[in-house]
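Pulled from Swiss-Prot:
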SIGNAL    1-21  signal peptide
DISULFID  Cys30-Cys225  disulfide bond
DISULFID  Cys72-Cys82  disulfide bond
DISULFID  Cys87-Cys93  disulfide bond
DISULFID  Cys141-Cys213  disulfide bond
DISULFID  Cys146-Cys196  disulfide bond
DISULFID  Cys154-Cys164  disulfide bond
DISULFID  Cys168-Cys177  disulfide bond
DISULFID  Cys178-Cys183  disulfide bond
Amino acid sequence: MAYLRSSFVFFLLAFVTYTYAATFEVRNNCPYTVWAASTPIGGGRRLDRGQTWVINAPRGTKMARIWGRTNCNFDGDGRGSCQTGDCGGVLQCTGWGKPPNTLAEYALDQFSNLDFWDISLVDGFNIPMTFAPTNPSGGKCHAIHCTANINGECPGSLRVPGGCNNPCTTFGGQQYCCTQGPCGPTDLSRFFKQRCPDAYSYPQDDPTSTFTCPSGSTNYRVVFCPNGVTSPNFPLEMPSSDEEAK
């Protein structure tokens, strides 16, 4: 009987290890509430200052993203809206958020048994962010940051309430969105790259913006406002909300 119990425990631990390739710890250090979102797994969670949300991601998860929503109001059924990052007016996101929103993107257990991950500003910027492996292994497996005052310095043509749009979102077309083949940086995409060199500033900004870690042995942490401060042009106080059962 003891052998059976030991075998069952071993099987259970092996199953959990096999099922989940990585854990993502999402923390809000902003001096305001952030409604974190995660797709295709996780959904959404209200995070007041100092709160953390843990997401377990299965092997093979790809085209995944984590972002923060701001200035949200949800009712008891989880329906409402957000000023930035809104995902169809629901607390539990199943689709991508509406720009502008700073993105932590990842794909697990891909080529050569590597996780691929990045911070992207292709959908614009709303909240400062750090994205980091909790156990960095050197090379391209290290913390990356986008903590500049982008909202405060945003060009007038890209400025919107609560954030700063990417030129692809604002203007569209080949020049900014690379819709019909290769394209390069523009003056507007360089605005983002100069302030956040780790992050994607336009869709084909891969060489300096894609990071990798060994799959299955790396967990990650996403922190909103890692410095504990926010851009001057962003409101420090958000409207109260009655939504969400945590």
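Note that Cβ sites are derived from N, Cα and C of the backbone, with glycine treated the same way.
Cys93 (disulfide bond) has a Cβ environment of 23 other Cβ atoms inside 10 Å. All chains included, 18 other C-beta atoms sit within 10 angstroms of the C-beta of Cys141 (disulfide bond). Comparing C-alpha positions, Cys196 (disulfide bond) sits nearest to Cys178 among the disulfide-bonded residues Cys82, Cys87, Cys178. Considering only the disulfide-bonded residues Cys93, Cys178, Cys183, Cys213, the residue whose Cα is spatially closest to the Cα of Cys146 (disulfide bond) is Cys213. Cys30 (disulfide bond) carries neither a helix nor a strand DSSP state and counts as coil. The number of other CB atoms found within 10 A of the CB of Cys178 (disulfide bond), across every protein chain shown, is 17. Sorted by the number of other CB atoms within 10 A, the disulfide-bonded residues Cys30, Cys72, Cys164, Cys183, Cys213 start with Cys183, the lowest. In terms of Cα distance, the disulfide-bonded residues that sit within 10 Å of Cys178 (disulfide bond) are Cys168, chosen from Cys30, Cys72, Cys164, Cys168.
For Cys87 (disulfide bond), the nearest neighbour among the disulfide-bonded residues Cys141, Cys154, Cys168, Cys213, judged by Cα separation, is Cys168.
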